[in-house]
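*Asks:* Before we start, here is the structure in question, set down as structure tokens.
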Amino acid sequence: MSEKMVAIMKTKPEYGAELVEVDVPKPGPGEVLIKILATSICGTDLHIYEWNEWAQTRIRPPQIMGHEVAGEVVEVGPGVEGIEVGDYVSVETHIVCGKCYACKRGQYHVCQNTKIFGVDTDGVFAEYAVVPAQNVWKNPKNIPPEYATLQEPLGNAVDTVLAGPIAGKSVLITGAGPLGLLGIAVAKASGAYPVIVSEPSEFRRNLAKKVGADYVINPFEEDVVKEVMDITDGNGVDVFLEFSGAPKALEQGLQAVTPAGRVSLLGLFPGKVSIDFNNLIIFKALTVYGITGRHLWETWYTVSRLLQSGKLNIDPIITHKYKGFDKYEEAFELMRAGKTGKVVFMLK
């Protein structure tokens, strides 16, 4: 193994990133070194690349970017048990303390001292990466790397869709970005019908159809609530899944969901949102879930089994694959333009 590696690094507190050569890291106690086989771009990575307000308060350059990954263990640090060289793995990004009130109740996904791998630490946009052993997930060999790298965001989608019963339920999904597209795939694989998708981008509406959406709506040109009511015989949808983070989409979804229906919110909104709680939530007796992270490790088991079942139609979601990191700037600019689903760097 070479002592040097290539990595996409946020070198300066400004727009963009650089492709650099750095030393291959060494695993310390409780850590493993993995060789990257595939890694995918997340919206968080795009925020770091763009150097938005959130990134400016959270990221401390120089830092290797990336956190969605599939790889092979090539070295194990002192004190690590249950993980061996040659294991095919992915990584849970939430590094939890195990000591706080939430962790002691088994609610690791809301650990009060969470650090994010690839945000608060160096990440996986590199040929090798050091990972906390406690965050390693062993993959079955029959899941290809370009799928295995998607398990972290797929876990977000699974928790959003499966927060309540979904089989045989009518569903409205607002936002068909990468996470919304994964949500469509999970809903269809889990027996939802019809799955209605509201998305302003024609490119993403077409992707939604390919993934399995039964109806697509352009919210800029059509009345979302009217369309949903027409499709559902005036009843509204049983389940509303919000992936966009758009306040208007939230309001439309709450209007379109049936009384005593279920709502799952994953999209992040730009600040405070004004909602008529009395008429849209309380008097409708809605059950509303806020979704963050993934349940450790229940969600990972669900994701892995869904992938192994062959029922998840995620091929259309992976719109761009790059061999290595050389065209990383093109990849990020395409994502900025909204012209991608998931973008995967293949290093195998």
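Backbone N, Cα and C atoms are what each Cβ position is placed from, and that goes for glycine too.
Sharing the features that Swiss-Prot gives for it:
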BINDING   Cys42, His67, Glu68  Zn(2+) 1 binding site
ACT_SITE  Thr44  active site, charge relay system
ACT_SITE  His47  active site, charge relay system
BINDING   Cys97, Cys100, Cys103, Cys111  Zn(2+) 2 binding site
BINDING   Leu179, Glu199, Arg204, Leu266, Gly267, Leu268, Ile291, Thr292  NAD(+) binding site
*Asks:* List the Cα distance (Å, whole number) between His67 (Zn(2+) 1 binding site) and Arg204 (NAD(+) binding site).
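*Replies:* His67 (Zn(2+) 1 binding site) and Arg204 (NAD(+) binding site) have their Cα atoms 24 Å apart.
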*Asks:* Around Glu199 (NAD(+) binding site), which residues of its chain at least 6 apart sit with Cβ under 8 Å of its Cβ?
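*Replies:* Listed in sequence order: Thr174, Gly175, Ala176, Gly180, Arg205, Ala208, Val216, Ile217, Asn218, Pro219, Ser244.
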*Asks:* Would you kindly give the Cα-Cα distance separating Cys103 (Zn(2+) 2 binding site) and Ile291 (NAD(+) binding site), rounded to the nearest Å?
*Replies:* 17
*Asks:* So around the Zn(2+) 1 site, Cys42, His67, Glu68 aside, which residues have their CB within 8 A of the centroid of those CB atoms?
*Replies:* Thr39, Ser40, Ile41, Thr44, Asp45, Gly66, Val69, Thr93, Gly118, Gly123, Val124, Glu152, Pro153
*Asks:* Show which residues of the chain containing Cys103 (Zn(2+) 2 binding site), separated from it by at least 6 in sequence, have their CB under 8 Å from its CB.
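*Replies:* Residues satisfying the criterion: Val96, Cys97, Cys111, Gln112.
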*Asks:* Whole-number Å distance between the CA of Gly267 (NAD(+) binding site) and the CA of Cys100 (Zn(2+) 2 binding site)?
*Replies:* 26
*Asks:* Quick one: Cα separation, Leu179 (NAD(+) binding site) versus Cys42 (Zn(2+) 1 binding site), in Å?
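*Replies:* The separation of the Cα atoms works out to 9 Å.
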